[in-house]
Amino acid sequence: QGAQCTAGPCCWPCKFLKEGTICRRARGDDLDDYCNGISADCPRNPYY
């Protein structure tokens with residue numbers, strides 16, 4: 001009850017992780033990707 005999500009890099013446990021939580025670490029010249037607090041998906045940074 002009250003679940004926001006069931007799976008995803010920004011979902012744990014059944015709640016969206018708060019905005020600013022790192023969900024994908026930077027690789028090479030890329031930047032870290034962060035949860036947005038409203039989705040279970042990990043949005044890509046605008047510079048990928």
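Just so you know, glycine gets a Cβ as well, placed from its N, Cα and C.
Disulfide pairing as given by Swiss-Prot: among CYS5, CYS23, CYS11 connects to CYS5. Long-range C-beta contacts of CYS5 (disulfide bond), restricted to its own chain and to partners at least six residues apart, with a cutoff below 8 Å, comprise CYS11, CYS14, LYS15, PHE16, ALA40. If you measure from the Cα atom of CYS23 (disulfide bond) to that of CYS10 (disulfide bond), you get 6 Å.
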